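One structure is given below, encoded as structure tokens.
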């Protein structure tokens, strides 16, 4: 019995579109079964790629498509694959990063639990492109049902001969291992993920060397997000030119956005990159407006680790460049909406509590800084704020930003910095009066 | 076999600018190392020159042009044309910020912290930090449950205290333990802000290198309990010295108080050619035996049946008179001498001159715990043990072959070197032994040959090499000289498969640079001549020394020195010539070596012995027989630090000064002469051995040296002679002797040092006793299961020669019918089980019920 | 003749003048003290003989960190630390050689635990030199003491650890 989480998606729209592809079959309860998947042409692309194409052709195709990583950083996928040293005698590994734990993000989970074969097929193609014979999928520990679903899909794929020794008689061996994480946010960072996969403590490694040169077991390793790898399958099915018809010039393609928070219709929506953020929040087909028809206070556009956008900034396209131009980031595409009755100090306290709890503790600024910030913000929230606390917060944030091994430190302070910048008066009121300017009143969906 | 010299590819150099200073370094160097090399200081916490960089502490920020963020210099590789600033405003602000973060939760308990005064954090805060803290919350505190103390100190090992509040989480302890020592008994637990360092669950941090963790801790989180609350560091003076418990001679520093004649602790004095800054716990805590209350305080003389304290003059005059009497009545042939190879060069040379010039005998030796030696002037083993060996060469070797050695116990520094070589390069490491050893964990493969088949194994290796490469010179000649002469029967006898032998031979043939270490299982074997001959054949066949090094490593701190000074009856001809020139003569008689002296004593033909710093009754095989032998002596004079089994039989016992109490020089296994300075004045009335010998000689009216300078000049002249013996010109005969085995005694006994002890003296060091206080029978889990014993159960071990009882320790490494017994404890003398005649000591064990 | 007259004037006129001055001073408040029966009150910050403070529960404040000895310009302080059964640090030996001490007060300044103070007492005399070496027992204030002037000293160490005073 497959667990089927009740997530709202725009599958109907995707099915009707000739471009959007990721969510085409996600509302089909049988899609996890390999027969259904194969009936939709599943694994045909993998067979075609393996039997007719050279690995370099695959890399070239992905490069041509302009696909950028969907995990948060938006690094061009084809370029990443090209970093694998050609002459290294060591084995190569592909790791699928399914440790989706960014607050607000739940897109990979939908793919894994409703269309796992697409991910496996995408991984197989990517593995072939980089010459890897053993690939891993590192699934977040809390996603027990996803692990089951992917594991079952994997068994089916093996049984049908899509994986294993001598796939399709081509002489190419490909194995896959499903690995369950221990429930650490930091393991979504690629080097920490590799450490965790090796059995070490989940702590990020210093770069360089980059994983593409020296990753898992000191061998060349490519780490890609679930959505990225699934997209690879579709690009190889329909070609780079088709993919480029979607999205913008520099950010082609479509992407899943997880809309959450104070919207009437939270859910996962696949839209083309460059889609208007305002439309995503207010369009009845997507977010359908703010809960209780209140005013919008702010939006975190790319998961908890990206800076806030204010209501006057939301008329912007959801793509990597436009987001940077308004001072935020596309991140993993988790749009978190706050309405006017949200105390920003309260919201930030929740965020910093999360980051303090999830800091791995390896490097000093993040380990000590997040703890310190949480203590200050908690003090402010509970009415004990002191004059100068705002400046102290800004200073500590400045001392963490850009000074840590991995981006977790940056992720923790960027929303705080933007929140202090946009709503400074609210912080000041909290410190002066010991209570919220806007008392938080919520009713969740 | 071509003698191809490996040409290193030319190292590419890069030039960068640091603070307007142009620095050229090899490619691959980090910015930090480049700066340190140019004399520019960059603060660090988590960086250690011998460990991989992790970039955890973030204090080593530098500003690099064209890079938007501050970079950690410890993990940034220097590239050509890089422009680095280490003292710009933004760097200073970054440093201040990191120090503020570190200090946010670091307690202000410097007054009670033993690290105060030598603390990196203290120094860096003083140099770079803020005056005040903006952190106005309660500091994080890791409370030790059940201890009514505000200090939160936790004992995590016999000698290590942990205070987690002070820890700044640089992970140097965890990393060095894992990377450098291969131990996993300390680790980081929890996550983020709550993270803590602690001992592994249920474990104690008690590995043989655990003291180093304390030494590299940048704050007072890990402290030594031997130094705990003793003295502030600024009240101490340091004295450079040498570790004399180890033949590598690690460099150490003693700390003593200004006004007191007392050493407080030892730390390492990094010497990259020898120890890399890591020293063993024996070296670290061994100094404590100097301050043991059991030290001999005054000379003792046997009056009646009791030894009574006497003055030095009386004792010295008596010794001189008695030796003269025996010389007159029975001749100098009847006097013999043994000197410990842990004595310094001055003492050893004085001893040599005293025996040869003053007494006129050639009965002297320094090999105090070997089995019987066939004394031939150019024996194969002398050749093997005199070969040059360089510790640092291990780093760059691509094949490392450890034959018959448990390195952790015998040569810990070399063990760490091999581990380092494995961390930074990819050498092939093979460990070959007759039983499983701990040090095999650095090896790619471990091979176990059947007990007593060392030479068969080496023969098999030769035969496999011939099979691999039939073109090897003289293959037929070799085949005629060895037996068994075919690979399969050799493989069958030694228990290592022919394929494995071939694989080993292949790596030896193809290796570009080989380090071949021969250990105690060969050096201490009865048949070491045969094994050494086999090894000589192997070298001749494969040409190991033309592409690397191969030697039976010296076993004690000054073994090579003793060898070079000719402290054996039949020294190297060059040495003999030099001594003859210096002294104008050399005793005519052939002289007896240790075993020879003992048999002469037993026959009643050797009446007097002079023993310096040795305890043959406890260390030489066959306790009972040796004790019986010593009882036959007319006159025995022993100089030692403590009362031992040997001093108990002596007519005169002289208190010997330890190596900390006078300046001495020692020759390590590489032949490197190192000096140990005088740290403290001799305690009680003890004297250095050379002073004692000079006194006795003066009392006999035959002064040894006119001045200290003369002694030094003599030593220099003798040391100038080379003692490296050439490899034999032809293949040697290797016929394996028969191994006698009595089915009543089915288990092989291994005797050696405990990893925390050396010889018979370290049980007087209080800290080392905390690690291991009593003898134990270490046996494999299979045997434990067979005899239904667990840790702590008493068992009786019996051999044909003796029996003893000891508690069981179930081993983590041993497998099969093997037991290990440490020889370091006076309560249980392991040598009582051992025979001088047998090649392998077979024992049986049974459980003591009740 | 003239000299004789001068002498007479001196005797009968000037001398009484002098006696008057003396007599006046008899009724004035004396400037001297009747030491040792009477003692001059010292300035509040006078640096006299040292004493060692205790916590309110009687434990010694001194942890034998050695900073006073390091700060001492006269090298008058000698100390040896020891470990208490529950792992805390305290002085086994704490000696001040009052003959060497120059009463500069640097030890007081240096003390991080606020344990050593220079008190008001200034009478040092004895019959042999050994008795000028004051031991820890001689300097520790008695416990319980009747009035503790240092009650309001900031408990820095405790604040660092966040231990309420009652916990001791």
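Cβ atoms here come from the backbone N, Cα and C positions, even for glycine.
Copied over from TrEMBL, here are the features:
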{"type": "BINDING", "residues": "C:62, C:65, C:68, C:111", "note": "[4Fe-4S] cluster 1 binding site"}
{"type": "BINDING", "residues": "C:72, C:101, C:104, C:107", "note": "[4Fe-4S] cluster 2 binding site"}
{"type": "DOMAIN", "residues": "C:53-82", "note": "domain '4Fe-4S ferredoxin-type'"}
{"type": "DOMAIN", "residues": "C:92-121", "note": "domain '4Fe-4S ferredoxin-type'"}
Considering only the binding-site residues C:62, C:65, C:68, which residue has the minimal Cα-Cα separation from residue C:107 ([4Fe-4S] cluster 2 binding site)?
C:68
Determine how many residues of the domain '4Fe-4S ferredoxin-type' (C:92-121) DSSP places in helix, in strand and in coil.
5 helix, 9 strand, 16 coil
On the 0 to 100 scale, where does the mean pLDDT of the domain '4Fe-4S ferredoxin-type' (C:53-82) fall?
90
For residue C:62 ([4Fe-4S] cluster 1 binding site), which residues in the same chain are close in space, meaning a Cβ under 8 Å from its Cβ, but six or more apart along the sequence?
C:52, C:90, C:91, C:94, C:113, C:115, C:116, C:136
Drop a 10 Å sphere on every Cβ of the binding-site residues C:68, C:72, C:101, C:104, C:111 and tell me which sphere holds the fewest other Cβ atoms.
C:104
About how far apart, in whole Å, are the alpha carbons (Cα) of residue C:72 ([4Fe-4S] cluster 2 binding site) and residue C:111 ([4Fe-4S] cluster 1 binding site)?
11
At the level of the C-alpha atoms, what whole-angstrom distance separates residue C:111 ([4Fe-4S] cluster 1 binding site) and residue C:104 ([4Fe-4S] cluster 2 binding site)?
13
By the criterion CB under 8 A from chain B, which of the binding-site residues C:65, C:72, C:101, C:104, C:107 would you report?
C:65
DSSP helix, strand and coil counts for the domain '4Fe-4S ferredoxin-type' (C:53-82)?
5 helix, 8 strand, 17 coil
Please report how many Å separate the Cα atom of residue C:104 ([4Fe-4S] cluster 2 binding site) from that of residue C:68 ([4Fe-4S] cluster 1 binding site), as a whole number.
11
Residues within 8 Å of the C:72, C:101, C:104, C:107 Cβ centre (excluding the [4Fe-4S] cluster 2 site residues themselves):
C:68, C:71, C:73, C:74, C:76, C:77, C:96, C:102, C:103, C:105, C:106
To see if you understand the setup: which same-chain residues, six or more apart in sequence, place their Cβ under 8 Å from that of residue C:65 ([4Fe-4S] cluster 1 binding site)?
C:89, C:112, C:113
Could you state the CA-to-CA distance between residue C:68 ([4Fe-4S] cluster 1 binding site) and residue C:101 ([4Fe-4S] cluster 2 binding site) to the nearest Å?
12
State the count of C-beta atoms found within 10 angstroms of the C-beta of residue C:107 ([4Fe-4S] cluster 2 binding site), not counting that atom itself.
25
